[in-house]
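What follows is a set of notes on a single structure, which appears directly below.
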């Protein structure tokens, strides 16, 4: 199975004074020369960051689910939090506090410098080629050609967040729109074709954050075994959807009686993983209401290898976009969208606010073969774990999490209510 998630985040400041410059070759200054103890300390901090990101992810998911009832959901909490953290480099005062506290950081206990350092370390580790999964993440700022930025912001944005910048003539909104959309289309391998459609002449900055993920199942789903099966929408309705099927596999499995759901983990080559949360019929609202950071910790601690006779999953493709202007204020991030915003750390000017914040995400779940010897090893390692026949059908609404290969931070999260609805 091949999985691709492509995500774009746009911020536009309409007060005429925002820009920054950064190049694409920025690295995490200092990490290659640090001692092993310090590097180990950073990795431990990155695990803590992943836990904090889980809190943010679940809080944001609940807001999205409330705003989008009866709809499929797909978004990247990691992409959104990284973009907000990057923006906070230029924020001051209450604007800064709102952003970081909205991201679930406890500022008295967590120095701001540590937050940025660990975000940078996390993003850097994600894109390492030895991870085997293909992850491409970064930021781009499209800036008005008349504006100047502060050196400190420029250097930090480049070093910590892999930011690059493009001079843009926003007085020609059609050309500026094409420049941004062409960049996003290229970085997301064509999955997101139009992020911007209504740029105004008084726009001064557009910040794009992208996260592109491609992984290959560590199990085999033969396309010839895909069949049309029933997917239950509610008590009265079902739809016929393509169902991928595989047999005789070992996968991590946990029955959560408290949450009234089945949790199953499928791994990708390279140790990233796809977590299915399959509530009992009619209990998805209960699961959503119960989501807490400790929920993920409990699932990961409780998952055990289980031999399955058969597993069937829906084949689906999702694409959604969200206006975060309406959602982030409910998480406490308000001032940055108002005339009281203080983003003076970008240019030195205080007449800057964010007028538009858009998040688009696309997710494809399909079959992809992997090397046969991988499957053979998986099948023979745990033959003794099979006690009785076990068939798992993901044939009703479910939640899902994509966890990164190193720190198990939530890269992508969402819900499938109807696999046929894009």
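Placement of Cβ uses the backbone N, Cα and C atoms for every residue, glycine included.
Feature list (source: Swiss-Prot):
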type	residues	note
SIGNAL	1-17	signal peptide
CARBOHYD	218	N-linked glycosylation site
CARBOHYD	230	N-linked glycosylation site
CARBOHYD	271	N-linked glycosylation site
REGION	369-394	region 'RCL'
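Around residue 230 (N-linked glycosylation site), a 10 Å sphere centred on its CB holds 13 further CB atoms from the protein chains shown. Look at the glycosylation sites 218, 271 and count other Cβ atoms within 10 Å of each Cβ; 271 has the fewest. According to DSSP, residue 230 (N-linked glycosylation site) is assigned to a strand segment. In the three-state DSSP assignment, the secondary structure recorded for residue 218 (N-linked glycosylation site) is coil. Confidence in the region 'RCL' (369-394), given as mean pLDDT, stands at 41. Taking the Cα atom of each, residue 218 (N-linked glycosylation site) and residue 271 (N-linked glycosylation site) are about 9 angstrom apart.
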